[in-house]
Amino acid sequence: MPHQEQVLAHGHLCTPGPPKNPGYNSNPVPVIIQTESREEWGKKMDFLLSVIGFAVDLGNVWRFPYICYQNGGGAFLIPYVLMAVFGGVPLFYMELALGQFHRTGAISIWKHICPIFKGIGFAICIIALYVSFYYNTIIAWALFYLYSSFSSTLPWTSCDNEWNTENCTNYFGKDNVTWTNYSRSPAEEFYTRNVLVVHESSGLEDVGYIRWQLTLCLFLIFTIVYFSLWKGVKTSGKVVWVTATLPYAVLLILMIRGATLPGAWKGVVFYLNPKWEKLKETSVWVDAAAQIFFSLGPGFGVLLALSSYNPFNNNCYRDAIVTSLVNCLTSFVSGFVIFTVLGYMAEQRNVNVEDVARDKGPSLLFITYPEAIANMVGSTFFSIIFFVMMITLGLDSTFGGLEAIITAVMDEYPDTLSHRRELFVFGLVVVCFLGSLGTLTTGGAYVVKLLEEFGVGSSIIAIVFLEATAVSWFYGINRFSNDIKSMLGYTPGLFWRVCWVAISPAFLAYIIISSLLNPQTLSLFDYEFPDWSITVGYIIGASSFIWIPVYMVYKLVWTPGSLKQRLAVCLRPERTLPDIHTDSMGLSPIL
């Protein structure tokens, strides 16, 4: 059944509220947002794997295990689950439902929800660009490692290479080796001195020259990205059958191998040993909220874009539950993969697991784990599959992030771009590649850290807070619930409505306020970021968020009429008749 016929059969695309409500217009003007010409997923699994592939990324492998052990081990699972149930999953469900119902991207969707908030869509696209500038460089590092892994002896197993220093200390398979604060493992020097070459940069003041090896790796990554996205979800939906499933096979292999290593149990105990006193610390709850938010990924426009290609009657509620569970379980299982190996390393160094587990972020993936792999039997095989897993995890998230931009811009300018997708995607990939050049320099790791911290950070959380507020309070929770009913045949329960109206926005406000009250110093390796770079970081963060108030002012200025009339027009969904009523929870949409 074409989408146009589905709308007539299951409800119209404007407010289908209850006829008995006083002041409610029972004959609103039907609005057809998209027609049967809109592309749809070839199979349901194409969509599910794309969503899972986007949500399950490199952060699941390194960030959750590190945050978990740092914040009380097994006790951390309590705030993590609570934040998921009351914050992350409701927001995840909201975005899937919005995208599927309105069948359009992150920019043009706002004229159907609350036009004055359209700047949110532009802000989302800018943030997605910033992410593409640094995230693909991390994948390029993984590709460099993959290439280096095709060797009978992995290059980060010894201190006899040209990039090594006198501080290089190889303790595996040797007795009476003293490990000091100045000691550097072969894996660490391979990463910092051969891959990144950060020793040739003095910092952000002098980022140095562009590394041709990393440039070639990034070019290959973007080539894969282009040919996966250029034809739309029909092609990307097929690619994710490999990129979204392969990591799970590799995780299983690595987990079995890790469990057989001597000292593995030490890592598992350290990972899950509950420290109940940690639950009294506010920072633990903030970390749980931030982890679940960035893990599930609402607000990046990806869920809106991917779900917009679903059939109108697809069960997005079930999709939200299934994909959220898969994401959270993947994070938990990844902890065993990481900490069995950390326990093995602690056994080899004859130190505590805590001393081995100091590294976080990409260092855990590019120093700690490769170091352990290098000293296993069959090290070349395990190194190859590990970095293949990292590349596929990263590619899935890149597909989602760029698809968010592509769908948003093409839906906003359909007359210009509808038949030029291949050219537009090519132009976007070129822009992303050029924007990434600064991260390919000898000081590129510092640029990556700056963009990661400020390019996304608080900006995306503030954007999702405004999105949740606009949908629940301006568009109206009753109207949104009726939209879901027209797709699924039933209204969301009281739990979901309360979460959307109050709990989820409070969850986001909690993260924002906590991050502003407790700013963290920024450092990488032995480099402390100067004050001016922090200022630049705040400017980067503001450069995306600023489009929200700018568009609000623009919309109010260019809308004719008195201020009251302008507000009424700017807050009311376009192409629908006014719908002023009080919903069943006693909450009035603001019009």
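Each Cβ is built from the backbone N, Cα and C atoms, and glycine gets one as well.
Residues annotated as region 'Disordered' in TrEMBL: 1-26.
Taken from TrEMBL, the feature transmembrane segment applies to 47-65 (among others). If one looks beyond the transmembrane segment (47-65) by at least 6 residues along the same chain, the residues whose Cβ comes under 8 Å of a Cβ in the stretch are 41, 96, 138, 233, 236-237, 240-241, 243-245, 247, 271, 291, 294-297, 302-303, 306-307, 309-310, 314, 319, 322-324, 326-327, 330-332, 334-335, 337-339, 360-362, 364-365, 390, 393-394, 396-397, 399-401.
Long-range Cβ proximity for SER295 (Na(+) binding site), meaning a same-chain Cβ under 8 A and a gap of 6 or more residues, is found for ALA55, GLY59, ASN60, ARG63, PHE64, GLY88, ASN327, CYS328, SER331. What TrEMBL records for GLY53, ALA55, VAL56, ASN60, SER295, ASN327, LEU393, ASP396, SER397 is Na(+) binding site.
Residues or ranges marked as transmembrane segment in TrEMBL: 77-98 (among others).
The transmembrane segment annotation in TrEMBL covers 119-147 (among others). Long-range contacts of the transmembrane segment (119-147) within the same chain, counting only residues at least 6 positions beyond its ends with a Cβ under 8 Å from a Cβ of the stretch, are 58, 105-110, 195-196, 213-214, 217-218, 220-222, 225, 299-301, 362, 365-366, 370, 383-384, 387-388, 390-391, 394-395, 397-398, 401-402, 404-405, 408-409, 412, 431-432, 435-436, 438-440, 444, 447-448, 451-452, 455-456, 459-460, 463, 466-467, 470, 540, 543-552.
Residues or ranges marked as disulfide bond by TrEMBL: CYS159-CYS168. Applying an 8 A CB threshold to same-chain residues 6+ apart, the list for CYS159 (disulfide bond) reads CYS168, THR169, ASN170, PRO186, GLU189.
Within the chain, the transmembrane segment (209-227) has long-range Cβ neighbours (under 8 A, six or more residues past its boundaries) at 136-137, 139-141, 143-144, 147, 195, 197, 235, 391, 395, 398-399, 402, 425-426, 429, 432-433, 436-437, 440-442, 444. Feature annotation from TrEMBL assigns transmembrane segment to 209-227 (among others).
Beyond the transmembrane segment (239-265), the same-chain residues lying 6 or more positions past its ends with a Cβ under 8 Å from any Cβ of the stretch are 45-46, 49-50, 52-53, 56, 228, 330, 333-334, 336-337, 340-341, 343-348, 376, 382, 385-386, 388-389, 392-393, 395-396, 399. The transmembrane segment annotation in TrEMBL covers 239-265 (among others).
Residues 38-41, 47, 50-51, 54-55, 59-60, 63-64, 67, 70-71, 76, 79-80, 82-84, 87-89, 91-92, 94-100, 102-106, 109, 121, 124-125, 127-128, 131, 233, 316, 319, 324, 327-328, 331, 400-401, 403-408, 411, 460-461, 463-464, 467, 507-508, 510-511, 514-515, 518 of the same chain lie 6+ residues outside the transmembrane segment (285-309) yet bring a C-beta within less than 8 angstroms of a C-beta in it. For 285-309 (among others), the entry in TrEMBL reads transmembrane segment.
Sequence annotations record features per position, and here TrEMBL assigns transmembrane segment to 321-346 (among others).
Within its own chain, the transmembrane segment (372-395) has Cβ neighbours under 8 Å at 56-58, 60-61, 135-136, 138-139, 142-143, 145-146, 149-152, 154, 156-157, 172-173, 186-187, 221, 224-225, 228, 242-244, 246-247, 250-251, 253-254, 257, 261, 341-342, 344-345, 348, 365, counting only residues six or more beyond its boundaries. Taken from TrEMBL, the feature transmembrane segment covers 372-395 (among others).
Residues or ranges marked as transmembrane segment by TrEMBL: 423-448 (among others). Listed by sequence, the residues of this chain that lie at least six past the ends of the transmembrane segment (423-448) yet keep a Cβ under 8 A from its Cβ atoms are 129, 132-134, 136-138, 140, 196-198, 200-204, 206-211, 214-215, 218-219, 222, 225-226, 229-230, 402, 405-406, 409-410, 417, 524-525, 527, 529.
Marked as transmembrane segment by TrEMBL: 454-474 (among others).
Under the heading transmembrane segment, TrEMBL lists 494-513 (among others). Through the fold, the transmembrane segment (494-513) approaches residues 83, 86-87, 90-91, 93-94, 285-286, 289-290, 293, 458, 461-462, 464-465, 468-469, 471-473, 477, 480-481, 585, 587 of its own chain, all at least 6 residues removed from its boundaries and within a Cβ separation under 8 Å.
Taken from TrEMBL, the feature transmembrane segment covers 533-554 (among others). Outside the transmembrane segment (533-554), and at least 6 residues removed from its termini, the chain residues within Cβ reach (under 8 Å) are 116-120, 122-123, 126-127, 130, 204, 450-451, 453-455, 457-459, 462-463, 466, 522, 570.
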Fewest other C-beta atoms within 10 angstroms, as judged across VAL56, CYS168, LEU393, which are the recorded positions: CYS168
Which same-chain residues, if any, lie at least 6 apart from GLY53 (Na(+) binding site) yet have Cβ under 8 Å of it: VAL240, THR243, ALA244, ASP396, SER397, PHE399, GLY400
CB contacts for SER397 (Na(+) binding site) [other CB atoms within 10 A, all chains]: 24
Other residues, Cβ within 8 Å of GLY53, ALA55, VAL56, ASN60, SER295, ASN327, LEU393, ASP396, SER397 Cβ centroid (Na(+) site): ILE52, PHE54, ASP57, GLY59, GLY297, THR330
